[in-house]
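Take a look at the structure set out below.
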């Protein structure tokens, strides 16, 4: 009976250790997936902002109707040039019209481009967090990062849970380092990337532009 009791105790201890390990692995996987979801949500919001800017640019430029108007003006100019009755006068009267039509789109493009440039300069939440961690050399908790963001960028209205998931996303990318002190978790910015790692992002940008 004593041997059976010992075997049962050993099995119970093994199962307990296995369950604890599985729970820890499950928690880490949830944190990783949550961080990825937060990053994707942030990318989606950025795409929606870009879409709004592009739609305003399209409306400012007149949309598809602008191309139709250009084709109509070109056809009327060709018809006037081909008429044998008055070849010289149509050329003189047709010149001011294309010039006046070219001036307004240039002004609208300039205003639209400035709006697009202003939107492109808006930093993401991950960029703000990374900049903050790089400015502070001491480790910072997710609560401290959230409080600093609320003071420096109140318009972002970043929630503590979203900030923590975004920081975990930066940890997964190797941009931020995580350290545990008891039950608390602290974050510090990783070392700046070397020059060899910088060009790796350039081909993606060029391909997307093409």
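Cβ atoms here come from the backbone N, Cα and C positions, even for glycine.
What TrEMBL records for 30-57 is coiled coil. Among the features that TrEMBL reports, region 'Disordered' is placed at 62-123, 137-156, 189-210. Annotation source TrEMBL lists compositional bias 'Low complexity' at 66-90, 112-122. Marked as compositional bias 'Basic residues' by TrEMBL: 99-109.
According to DSSP, the secondary structure content of the region 'Disordered' (137-156) in residues is 14 helix, 1 strand, 5 coil. Here the region 'Disordered' (137-156) has Cβ contacts under 8 Å with residues 125, 128-129, 163-164, 167, 179, 181, 184-188 of the same chain, all six or more residues outside its ends. In the predicted model, the coiled coil (30-57) shows an average pLDDT of 91.
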